[in-house]
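Everything below concerns the one structure shown next.
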């Protein structure tokens, strides 16, 4: 072969390799950009091979400062972990302190690993800080507790009553949040009929959130499922009056729903107020137990929508099952349905006539993750 012919061939080969590498890099970047708009199991883990991955970024003097356990890792691609230890052995002694370390307009998953303990604080994850995970002790959610005790009649810094939504022990305002193995708690004890004792443990107003094996504990208005699409999987939720309420579109799958009512109360109070709103609560394969004689749901909104499917319902449900919130005009607008539930509390003989026993075709849109458009943002 002539030298003149060999050189162009080598150049073409090198050029081809460079193009392939560039394409591979572009594909990797594209995949990274795509992945941040999903929540996966990886976003709920911090321990691999028995060690904690300690890499995170904080913003200091408007510049990125990166701490990385692996000096060879690319700081823009690694998963980042901030450790919270109330005893001082981590990066922050408070959960809020760890949240504050995350830069505004964050575009990468940041995992906040919260070591066991009771963290008595109010926590807000602001809208400007998406892609945050709260991760506790994977063996038991009760080991890691975020707890506070505000109630609606308490006065805020402005001298005005807090009202319900400002009582939340933990407020999630950002998108693509997820949590596992954490207890969210409000310690205020309330009974049906008491005034000013609404006390929220967890409020979610951000879109596309996942809660896996968390506990949410309270009495009245425990879980404010306010707005957005949310997935609760294998969670434990406890309260007595309207203890799951709001206007989100949420799927509760394989959850334990536990009533602590001494007399009467209600599980769900959905606030859909227009037939054009694409919102609702769907409870699938849940175990509903506890005490009292409570409603499955109350019509907080004119077009409230709540469905129970394939659930075990203990003998704690008042025979009528559902309440129109003393607004009889809502009876023809709400969507309160049950499908294939079992247990004494599932007997529909005494149900209000404006609730529905759903058919298989009618319940199908409520049964899976497609109810919350999970194919667009879940990789679980």
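Backbone N, Cα and C define each Cβ position, glycine as well.
Lifted from Swiss-Prot, the feature list:
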type: ACT_SITE; residues: 221; note: active site, proton donor
type: ACT_SITE; residues: 242; note: active site, nucleophile
type: BINDING; residues: 164, 198, 298, 300; note: substrate binding site
type: DISULFID; residues: 235-255; note: disulfide bond
type: CARBOHYD; residues: 74; note: N-linked glycosylation site
type: CARBOHYD; residues: 137; note: N-linked glycosylation site
type: CARBOHYD; residues: 227; note: N-linked glycosylation site
type: CARBOHYD; residues: 302; note: N-linked glycosylation site
type: SIGNAL; residues: 1-26; note: signal peptide
type: SITE; residues: 220; note: site 'Transition state stabilizer'
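Summary of the substrate site environment: with the site residues 164, 198, 298, 300 set aside, the chain residues having Cβ atoms within 8 Å of the Cβ mean position are 220, 221, 241, 242, 245, 269. Looking only at other Cβ atoms within 10 Å, the busiest spot among the active-site residues 221, 242 turns out to be 221. A simple way to gauge crowding: the CB of residue 198 (substrate binding site) has 27 other CB atoms within 10 angstroms, across all the protein chains here.
Least packed by the Cβ count within 10 Å, out of the recorded positions 255, 300, 302, is 302. In the three-state DSSP classification, residue 198 (substrate binding site) falls within coil.
Within 10 Å (C-alpha to C-alpha) of residue 221 (active site, proton donor) lie the following recorded positions from 137, 164, 198, 242, 255, 298: 164, 198, 242.
You'll find the Cα of residue 198 (substrate binding site) roughly 22 Å from the Cα of residue 235 (disulfide bond).
Listed recorded positions: 220, 227; maximum Cβ neighbour count within 10 Å falls on 220. Cβ neighbour count for residue 164 (substrate binding site): 19 (other Cβ atoms within 10 Å of its Cβ, all protein chains included). Distance between Cα atoms for residue 242 (active site, nucleophile) and residue 220 (site 'Transition state stabilizer'): 6 Å, as a whole number. Among the residues the record lists as binding substrate, namely 164, 198, 298, 300, the two farthest apart have Cα atoms separated by 17 Å.
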